[in-house]
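Trainee: Structure in structure tokens, see below.
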Ligand SMILES: NCc1[nH]cc(CCC(=O)O)c1CC(=O)O
Ligand SMILES: [Zn+2]
Ligand SMILES: [Zn+2]
């Protein structure tokens, strides 16, 4: 005799009852698509190790995004890739160049797609000659005060250009507060979301992105500012700190290897949406597995995203957004 409480299968026999098991179902409005914009206006170049993703110039971005917007693209996050030889200096002055790729892209996209939610990643590593995410002291450590001041100024410039959200990924202590204060002083704090890369871990998963953005550090690594992957306590402290500084969303990055951190964020940051960045290395890994015949690309991609949702994120930055929309994976 089977005991009544041992019978589970009746609860998920039907496709609809299987769907009902999800506390949150993946929808298009949760997805943010990361895009790389160069200062070479007609460029459209594939990126090695980064399946299907390209760097695009300002003239290529609207034609590329138009069909995606028609299929339900809700949001993009913009990364600038300055290729000009004079684009980099020790303080990353070109990050907020009014004629640089990010500010131009914000304006062009806002104009072409008024309903698209435009996020701007805020960091200096794409623009610094040394490739680190801020301004350096003589001992080559990050100068927190100078970096935070500069990051906040760049964020305000992106907001004034028309971005709906600024997302600092630099990991300098105190930048969320400085950005909020900057937005208030500029009179735009009421319409700009600040999404903090709060729990951003140092590790091996950013390779394709750094090739795409040309932002690898020229010496050393990012281990003194991005979190050690063992540092769950540090991540909790960063989440609590960034909430106290006024962050409107807390991000965990990478995503699939950090589901415990996403669950921590969901618990600690109950009053803001939690976001997760499925990074370039995670995306490339899933593609590599599918290419090797280990699994089906679509099934694995959706399983990975459902894991992120289950852990507690409701905003997902993922390079799979393009395939999900173009190939109708959720339709
Ligand atoms: N600060 C720059 C930045 N913003 C987002 C990513 C990674 C995104 C990805 O790998 O998809 C990085 C790279 C890094 O920190 O080295
Ligand atoms: Zn950076
Ligand atoms: Zn150090």
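Note that Cβ sites are derived from N, Cα and C of the backbone, with glycine treated the same way.
So TrEMBL has the following annotated:
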- 123, 125, 133: Zn(2+) binding site (BINDING)
- 200: active site, schiff-base intermediate with substrate (ACT_SITE)
- 210, 222: 5-aminolevulinate 1 binding site (BINDING)
- 253: active site, schiff-base intermediate with substrate (ACT_SITE)
- 280, 319: 5-aminolevulinate 2 binding site (BINDING)
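Burial and contacts for the listed features, if you can.
Mentor: There are 25 other CB atoms within 10 A of the CB of residue 123 (Zn(2+) binding site), with all protein chains counted.
Secondary structure at residue 200 (active site, schiff-base intermediate with substrate), taken from DSSP and collapsed to helix, strand or coil, is strand.
Sequence-distant contacts of residue 210 (5-aminolevulinate 1 binding site), defined as residues of its own chain at least six apart whose C-beta falls under 8 angstroms from its C-beta, comprise 216. According to its DSSP assignment, residue 210 (5-aminolevulinate 1 binding site) is helical.
Taking the Cβ of residue 253 (active site, schiff-base intermediate with substrate) as reference, residues of its chain lying under 8 Å away and at least six apart in sequence are, in sequence order, 169, 197, 199, 200, 201, 276, 277, 279, 317.
The Cβ of residue 319 (5-aminolevulinate 2 binding site) lies under 8 Å from the Cβ of 33, 34, 50, 52, 53, 278, 280, 283, each of which sits 6+ residues away along the same chain.
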Trainee: Of the recorded positions 200, 253, 319, which ones put their CB under 6 Å from ligand 1?
Mentor: none
Trainee: Does anything in the same chain, at least 6 positions from residue 125 (Zn(2+) binding site), have a Cβ under 8 Å from its Cβ, and if so what?
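Mentor: Within the chain, residue 125 (Zn(2+) binding site) has Cβ neighbours under 8 Å at 92, 131, 132, 133, 170, 213, 215, 217.
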Trainee: Whose Cβ, among the recorded positions 200, 222, has more other Cβ atoms within 10 Å than any of the rest?
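Mentor: Answer returned by the neighbour count: 200.
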Trainee: Near ligand 2, which of the binding-site residues 123, 125, 133, 210, 222, 280 have CB less than 6 Å from any of its atoms?
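Mentor: With ligand 2 as the reference and 6 Å as the Cβ limit, the list reads 123, 125, 133.
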Trainee: How many whole Å apart are the CA atoms of residue 222 (5-aminolevulinate 1 binding site) and residue 123 (Zn(2+) binding site)?
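Mentor: Cα-Cα distance, residue 222 (5-aminolevulinate 1 binding site) to residue 123 (Zn(2+) binding site): 13 Å.
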Trainee: Test of understanding: give the count of other CB atoms lying within 10 angstroms of the CB of residue 280 (5-aminolevulinate 2 binding site).
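Mentor: Taking all protein chains shown, residue 280 (5-aminolevulinate 2 binding site) has 24 Cβ neighbours within 10 Å.
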Trainee: Give me the sequence-ordered set of same-chain residues, not including 123, 125, 133, with a C-beta within 8 angstroms of the centroid of the Zn(2+) site's C-beta atoms.
Mentor: 92, 124, 126, 128, 132, 134, 169, 170, 215
